[in-house]
């Protein structure tokens, strides 16, 4: 009985994996098996033979369900989700700190949009975890239901969730680019505005210096020239300081963008490793089930020669 449940769970997971691999563009083939049909996969052969025998099965052991359908998958997904949201929150706080010199209105808008993007990403990841938990519950109660319908529905949910997660990541990258451009443009406008405000003062000081030179003489002219040069130097100092701050802000934004891309790469690598771990869990079960199934077929065939009652024939 345990072998039959193992076969059923493996068949469902293999089917969902096949649909997801088709969406992600994976080209890794499943292990070879003697075909039941010309184009059928090994899990399809196992599932087809298994349904003939499951018509005789009326009850299942609760202990078998607890052993096979544990919460390890959902727990690992929860840890990955919490780590991801922690990194997103740290990135948002760092970016808000860098945008502190900007106008209050701009800073509030950026903070609000980043919080919304973080909330969407968290909602999508929570939805993914809930879908897997729902799928686990449906597998526990799936005896007598349509496996193909359950597998297709789960694969469709995962494809939609993957598209939503990718869309959120693209939206976050686009917003980063917009914020970087806006910060650069705002800093340049600030420098230009400071120069425009100080230009009349410089011109006025030059005019006064010329007037004083004609009225008072060379000493006052020298003093006015020194004042003009001091004011000009301060203006240049303000411009250089603003430019340095702009360059520093650009560098920090670039570091943040690199950090986000690195985190995205780590998430993808963890997802691939998680998928490989799932495959390594269930492939030995499939092989063991196939060996036990062969022995079961021999026993059934032997029983057919000894008993007038025979099981239903295969219609695949």
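Backbone N, Cα and C atoms are what each Cβ position is placed from, and that goes for glycine too.
Positions annotated as signal peptide by Swiss-Prot: 1-18.
Averaged across the region '8 X 22 AA approximate tandem repeats' (79-254), pLDDT in this predicted model comes to 66. Per Swiss-Prot, the feature region '8 X 22 AA approximate tandem repeats' maps to 79-254.
Feature annotation from Swiss-Prot assigns repeat '2' to 101-122.
Feature annotation from Swiss-Prot assigns methionine sulfoxide to 142; the stated evidence is similarity to another entry.
For 157-167, the entry in Swiss-Prot reads region 'LDL and other lipoprotein receptors binding', with the evidence type similarity to another entry.
Positions annotated as heparin binding site by Swiss-Prot, on the basis of similarity to another entry: 161, 162, 163, 164, 228, 229, 230, 231, 232, 233, 234, 235. According to its DSSP assignment, residue 230 (heparin binding site) is helical.
The feature repeat '5' is assigned by Swiss-Prot to 167-188.
Look at Swiss-Prot and you will find 209-289 tagged as region 'Lipid-binding and lipoprotein association'.
Annotation comment: Swiss-Prot describes 233-254 as repeat '8'.
Sequence annotations record features per position, and here Swiss-Prot assigns region 'Homooligomerization' to 265-316 based on similarity to another entry.
The region 'Specificity for association with VLDL' annotation in Swiss-Prot covers 277-289.
Residue counts of the region 'Specificity for association with VLDL' (277-289) by helix, strand and coil are 13 helix, 0 strand, 0 coil (DSSP-based).
Of all Cβ atoms in the protein chains displayed, 11 besides its own lie within 10 Å of the Cβ of residue 230 (heparin binding site).
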